[in-house]
Structures are given as structure tokens and as C-alpha cells.
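Before any comments, here is the structure.
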Amino acid sequence: MSKFQSNFNQKIDYVFKVVLIGDSAVGKSQLLARFSRNEFSIESKATIGVEFQTRTLEIDRKTIKAQIWDTAGQERYRAVTSAYYRGAVGAMLVYDITKRQSFDHVARWLEELRGHADKNIVIMLIGNKTDLGTLRAVPTEDAKEFAQRENLFFMETSALDSNNVEPSFLTVLTEIYRIVSKKNLVANEEGESGGDSSLLQGTKIVVAGEETESKGKGCCGTS
């Protein structure tokens, strides 16, 4: 069973880059602040350009550094996409449950993500701002159906009251770890037999100070 805990004293076994995408004002920066620092600011301003935060945690006795990247959703910042997506092994695709338009744009964001990132990147669809449930404009079932159709994980969250924020990030990070661990095992087995592993192709992941190539596999799930 996986264990999650902050640990800054051990060596880093893996560094996983995860990107936050979605329209502006859906709460991407607030989700990042809640997960990385357990903070929430009512006065949050729109993100300009790109920033990232890190959090170190433990999964199955391995020390993982999650590098979470955040960029503004406005069209004028789209120029950063190539560098932004490069090397990402996970993505949090965020919409605001009170703004139907932000959900309607999810398909476009997903297309852009899949056009720039590894085709097997692990993706979590997030319906944020459940604390504003009385203003809901996107039925949960609509998002579940989209996630199932596109082979995505799905959760609804609230950065304000922290509901499901931790589980959503940990689900993605655990899935990435599971895939990487499985591929490393296959690589070791084929290495011993003199074979080549076709699995070890795709997104670069830093492993214990060295770069090894791996790719994630999306998985369907709902919450």
C-alpha cells in the first residue's frame, strides 16, 4: 500500500513534472498553492507567464519530488506552450464548475495538451470550486462522461476548503510512479536477458540524478 508523506532528508528518487492547464480564473494557481504550501488567498491575482512549485513526498518508500507548473490561461500567453509541456508526465486539466464556458473549453485544452506532450501523459480532469455548489453550471455527470470518453481520471475539488485537492494530485503522481516502476522492472528484466525494452521511449523523467526515458499511460477513473 502506498504511503504519502513529506520528507526532505532523503535523496530524490524521481522528479515528476505535472502541468496545470485550463481557462484563466478557474483556480489553477489556488490548487497549486493548496497542494504545495497548504495555502489559499482570497486576493489571488491572475498568473502572468509561468511559475512552478515543488513538493517532496514518499510513495512506496521512494522519495518523489513533484514539480507542478502553472501558467495563465489567457490566449496571449499561449506562446509558452512548447516549453511548458516539454517533459511533463502528468497534467491537471481544470475547469470551474460555476462557469460552463470553462468546461466547454476543456476539449480544446486537451487537444493542445496531446499535441505538445507525450501521448500517454497521465491526465486528471478537475472540476474546481465545489464550495460554490449552489452556483453549479456543470453537472458532475457531464464531466464524468467526458473523462470516461477521453480516458482521464476525474475529481471535483475546492481549493478554498481543500476538498479533494490532495487526493487529485496524489492519484496522478501515484499512477505516474506505478507506470515508471513497472517499466523500470521490465527494463531490468530485459537487460538481464540481453533484450531491448520498447517501453522505455517517450517523456524524460529524472531518476536518482540521471535521465531515463519513460512514458505514462492514461487511465480512466471517477470520483
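Keep in mind that glycine also has a Cβ here, set from the backbone N, Cα and C atoms.
Small disclaimer: the values here were computed from a predicted structure and weren't measured.
Check Swiss-Prot against the ranges 44-52, 62-70, 80-88, 170-178 and you find motif 'Effector region' recorded for 44-52. Per-residue pLDDT, averaged across the motif 'Effector region' (44-52), gives 64.
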